[in-house]
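Input: a single structure, listed below in structure tokens.
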Amino acid sequence: MAHCLEGADDGAKKRGPPIGIRVIRKLWRRDADLNEYRIAILFLTFLAYTCYHASRKPLSIVKSVLDFEEVDGNITSIERSLSTYYQYMPMNYLANRQSAVEGGFHPNHFRYSSSSNYSSFSAAGNVNDPNRGGWAPFNQKGGKGLLGDVDLAFLAAYAVGMYFSGHLGDRVDLRLFLFGGMVASGFFVAMFGAGYWFQIHSLPYYLVVQICGGLVQSSGWPSVVAVMGKWFGKSKRGLIMGIWNAHTSVGNILGSLVAAGALQYGWGWSFLLPGLLQIFGGILMFCFLVVEPSDVGLHIPQDTQEVVDVQGRADPVPTRVEKRDLECGESAQSTTATSSGVADSSRVDKEAATDEETGLLRGLAQQSDEASPEDRNDEAVTFTEAWNIPGVVPFALCLFFSKLVAYTFLNWLPFYISQTKIDGKFLDEKTSGNLSTLFDVGGVVGGILAGHLSDKMNARAITAAGFMYTAIPALYMYRTYGSTSLNINIILMMLAGALVNGPYALITTAVSADLGTHSSLKGNPRALATVTAIIDGTGSVGAAFGPLITGYLAEYGWDSVFWFLMASALIAGLLLSRLVCAEIADKIHSNHPTLSKQIRQDESTGSLTQRLLSGRQ
């Protein structure tokens, strides 16, 4: 037993069933089987990241309250302002409200003293007055830029933390790591809302809270993906991950609804409730999350493993179980060559694998445990080794721009809706926040569709690039025609959400899991969190820049914001061009055997891409 644990994660030597599982075993008087545990893992990891994303939404909901402004000076804007402004400010702001309203002043024409207790209102005809309604320091001229800075503080810290979290996640007990990250994240979300009750108007305070929150939030994604990778093989991975990745959109929806619903009691509650929800989720992870099958004495049968898709169809999947796994009772991952985004490697000539990109696409089909026991490497991979895995760089850079677009909508869509006429009317902040959730409803559909198509076509890159290219006209139509009517706005918003979130979901789940178990890792079971963190960390850098740039571009009009987003979507698609060409070549190779010899010659001379781009057969 000691021998079989050599090189394994140190935490695994001490791990056993969590306390909640031990209690359930005593109550049931039996242990759950593999499928029951898998269902539990799906639910718990889904819940965990739902809580993470729910806690990121409050700021996007309260932005229009913090940076309160009159939109057009027309009667619709005034009515909207009267119905929301007084409702969301602390009570001591309202000392002179009644007399001021009776005097005929619009709330945006009031200002309060930035000293003492902020309860003194006076007339202010200039809406750019830094002391006008809202919440200092975000209510001054350029407030959108300051809100963009706050977004940047969180997302930049998240991106930096992502690289370290993945590296750390491969070395510690993921259950404890996830528990600590969720509790700390919930705490800092609540601390941002504490500024409401403690009358904090210092920009550095909010920046520091966001930086700390971003760092601890980075614990989530590498952890949940690594746990999923330990329990599920590659068969139907795109579809399973696409469905599972709905936690991103479900979290956004839940966070929006909770934050918008709590807004009527004061904007601080919009942060406190999601923060408490995340802390509670962390406690559940501590009590019930089983990191890998060996923790509860399970292993996968040696001959075949049936993976059942959401429609109930079972596919026999060849499975290899290493000697070390059998001795230790650990599970071996299922292996399939058709779920990796390429054709079966048995149909591919060895000579064609010399091309790096084609080699990547075939390599994704090979599970990490295909390495022989003597060749298996259990050492944690370095950043350089992870970056050098074929395909990591193009997918990571694509995610940079894909996540830039997705997080711009995550952080600014409710604000955009509240500042834009829809069918000639402005919507209040609560309605805008609720309406913005439909973008994430579309995102759920897009994530599932992208995963299913990538499995069906055996083409991850083609699917991701196709979604990004199609998102460009969808974004243009939403900006141009979204204000026509509420129904058209809803349809176009959901369409944009599906096309924007589809590739984002695909890359951060199925592609990351594929690359984290790439054949070049020689079966290393400790690389998945690092590879996942590198890909998502690079995407998070883009997620930091998107909302920041949007905050400043919005000062010049929303058209400039949408042109910026469309350009980003185009670049995201172009970055996958080499992989797309390699996948097309593989399709031609598989479907037209008579061309195989010429294709192999082109691959060996590096001329395949030129042939495809020039359109020659």
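Just so you know, glycine gets a Cβ as well, placed from its N, Cα and C.
As recorded in TrEMBL:
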TRANSMEM  37-55  transmembrane segment
DOMAIN    76-585  domain 'Major facilitator superfamily (MFS) profile'
TRANSMEM  145-164  transmembrane segment
TRANSMEM  176-198  transmembrane segment
TRANSMEM  239-263  transmembrane segment
TRANSMEM  269-291  transmembrane segment
REGION    319-349  region 'Disordered'
COMPBIAS  331-343  compositional bias 'Polar residues'
TRANSMEM  392-415  transmembrane segment
TRANSMEM  435-454  transmembrane segment
TRANSMEM  461-478  transmembrane segment
TRANSMEM  490-515  transmembrane segment
TRANSMEM  561-581  transmembrane segment
**OP:** Mark yes when the transmembrane segment (392-415) and the transmembrane segment (461-478) have three or more Cβ pairs under 8 Å (sequence separation 6 or more) and no when they do not.
**Re:** yes
Original post:
Hey, would you say the transmembrane segment (392-415) packs against the transmembrane segment (37-55), going by three or more CB pairs under 8 A that are 6+ residues apart?
Top reply: no
Original post:
For the transmembrane segment (37-55), which recorded stretch in the set 176-198, 269-291, 435-454, 490-515 gives the largest number of Cβ pairs separated by under 8 Å?
Top reply: 269-291
Subject >> Positions whose Cβ lies under 8 angstroms from the transmembrane segment (435-454), at least six residues beyond its ends >> reply: 60, 238-243, 245-246, 248-250, 252-253, 256-257, 341, 406, 409, 413-414, 417, 427, 460, 463-464, 467, 489-490, 493-506, 509-510
**OP:** Across the whole of the domain 'Major facilitator superfamily (MFS) profile' (76-585), what does the mean pLDDT come to? Round it, please.
**Re:** 75
**OP:** Report, as numbers and ranges, which residues of the same chain sit near the transmembrane segment (490-515): CB under 8 Å and 6 or more residues beyond its ends.
**Re:** 221, 225, 228-229, 234, 237-238, 241-242, 244-245, 248-249, 340-341, 364, 389, 391-392, 395, 398-399, 402-403, 405-406, 409, 435-436, 438-447, 449-451, 454, 460, 463-465, 467-468, 470-471, 474-475, 477-478, 481-482, 528, 531-532, 535-536, 539, 569, 572
**OP:** Go through the chain and flag residues at least 6 beyond the ends of the transmembrane segment (269-291) whose CB is under 8 A from any CB in it; none is fine as an answer.
**Re:** 15, 17-21, 37, 40-41, 44-45, 47-48, 50-52, 54-55, 57-59, 61-62, 173-176, 178-183, 185-194, 196, 227, 230, 255, 258-260, 262-263
